[in-house]
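Enquirer: Have a look at the structure that comes next, please.
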Ligand SMILES: Cc1cc2nc3c(=O)[nH]c(=O)nc-3n(C[C@H](O)[C@H](O)[C@H](O)COP(=O)(O)OP(=O)(O)OC[C@H]3O[C@@H](n4cnc5c(N)ncnc54)[C@H](O)[C@@H]3O)c2cc1C
């Protein structure tokens, strides 16, 4: 059944990372089918953070047809093999959640079960010693490498990235309109959005509207009143201070996430500067104290004044209402610990292309889109919460985090891991088994049991198998240049 009016005009409200990602993807993938217009306000500006990514970005860049070297040059990007968590379980602890596979398992049980058996027998070294991404990150080495073996993502300059996406989208026919959206015009009969009306009176009409206005959520909430589900009882951090500094040493190929008494601090090395942020819960740390502490902690000459960003964790109850779809910050936000927001935006855009309402928005399409987005975000929330709840720190903030009531889905995960070292990647899960394992063990949640698959082989064979895997990994990593050398050599990185 087709509706009378199809979608031939897409209007994107907002030109942050989300708006420009959507613009670049739609103009490339639906060329000739839809006309795309983007409205943004330079005066309002963008959130100016969001500079760490996960490996799925490379698949999205392939969809955009974005060449890696051109991207590295344009966004002054560096490479990322994972996140180093410092002080999360206890002060002085450090572990890396890498993007790699921990080792080879069998169909019956994953690698970590074998390692746990070896560990119980008193050998086997470190869990991550057979994981190339982990070992390369620790050695600060990197190459995209002839064998293409490392699974990696990027750190990028958000402003430069948006500019590069804009150039591509405009070259593909996108029309950009500068101006402030003053109000939204609705169709009286259907309730659909008919047009955005700008402060200067200009009217931007369309068939489908993408709300990329960030936390303002001008269309999806301001006009369509989709509703908000608050998650701050589970993730109470609600402020970030962000500041850029000059680098004081070589760029490391991982994000640093350093716990403090009321939250954590990020360090993201780029080619030309370092991005820093202090995330905290305002119930446990005042803005003045946070600023004072932040300025004392950041290394390197500040390039800008610290900027205060307020946020609330949670999600929009519906992200597709009538002919309005919210993307990225307008749709919800789980705090930035695992750098998932840009990924979720890319997945939402990919899904929009797959479910594109060529014949007009329908409730069924909207429900399907909503359902997939909601379940995916819940799983990400659980994974992010895991870092917080498994802590042994003494401060009131951390005490509150480990004593709170958890979502049932997370309680179950923790119980199954604790009893038998089982972790899983469900259909809606972004994070793989090895991610759950690295974080659970990194947060000191030692399982009481594990699968006995490794007892099917003599201890000597298990010892040899682990030693061989670890030696092969060490040999691979030893051949890699340092991350900084690789950056200096590739992508026309200078200036
Ligand atoms: C502290 C913090 C750290 C983060 N770190 C990461 C990270 O490491 N990795 C990651 O993946 N994500 C991260 N994120 C999320 C990431 O920043 C966002 O996903 C990304 O920047 C996309 O933002 P956006 O485009 O939705 O919103 P914004 O960047 O806020 O853009 C909104 C756009 O809407 C426009 N607009 C608003 N109102 C109007 C109006 N009335 N008229 C016209 N235009 C208007 C603005 O001008 C702007 O162009 C972080 C977020 C926060 C808060």
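Each Cβ is built from the backbone N, Cα and C atoms, and glycine gets one as well.
Quick paste of what TrEMBL says about this protein:
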- 80: active site (ACT_SITE)
- 15, 16, 17, 18, 329, 342: FAD binding site (BINDING)
- 80: 7-chloro-L-tryptophan binding site (BINDING)
- 338: L-tryptophan binding site (BINDING)
Enquirer: Using all protein chains in view, find how many other C-beta atoms are within 10 Å of the C-beta of residue 18 (FAD binding site).
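Expert: A 10 Å sphere around the Cβ of residue 18 (FAD binding site) contains 32 other Cβ atoms.
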Enquirer: Name the secondary structure element type, per DSSP in three states, that contains the residue listed as 'active site'.
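Expert: For the residue listed as 'active site' - judged by DSSP and reduced to three states - the answer is strand.
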Enquirer: Hey, how far is residue 17 (FAD binding site) from residue 338 (L-tryptophan binding site), Cα to Cα, in Å?
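Expert: If we compare the Cα positions of residue 17 (FAD binding site) and residue 338 (L-tryptophan binding site), the gap is 17 Å.
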Enquirer: Please name which of the binding-site residues listed here, 15, 16, 18, 329, is nearest in space to the residue listed as 'L-tryptophan binding site', Cα against Cα.
Expert: 329
Enquirer: Roughly how many angstrom lie between the C-alpha atoms of residue 80 (active site) and residue 18 (FAD binding site)?
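Expert: That comes out at 21 Å between the alpha carbons.
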Enquirer: Sorted by position, what residues of the same chain at least six away from residue 329 (FAD binding site) have a C-beta under 8 A from it?
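Expert: Expected: 16, 18, 47, 214, 215, 217, 341.
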Enquirer: Widest Cα span across the FAD binders 15, 16, 17, 18, 329, 342, in Å?
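Expert: Maximum Cα-Cα distance: 14 Å.
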Enquirer: Where the criterion is a Cβ under 6 Å from an atom of ligand 1, which of the recorded positions 15, 80, 338 meet it?
Expert: 15
Enquirer: If one looks at the chain holding residue 342 (FAD binding site), which residues at least 6 apart in sequence have a CB under 8 angstroms from its CB?
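Expert: Result: 17, 21, 50, 53, 57, 328.
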Enquirer: In the same chain, outside 15, 16, 17, 18, 329, 342, whose C-beta lies within 8 angstroms of the Cβ mean position for the FAD site?
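Expert: Neighbours found: 14, 19, 20, 21, 46, 47, 50, 162, 212, 214, 327, 328, 345.
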Enquirer: Compile a sequence-ordered list of residues in the same chain as residue 15 (FAD binding site), six or more apart from it, whose Cβ lies below 8 A from its Cβ; state 'none' when nothing qualifies.
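Expert: Residue 15 (FAD binding site) has long-range Cβ partners 23, 38, 39, 40, 46, 162, 166, 176, 212.
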Enquirer: For residue 18 (FAD binding site), what is the secondary structure state per DSSP, taken as helix, strand or coil?
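Expert: In three-state terms, residue 18 (FAD binding site) counts as helix.
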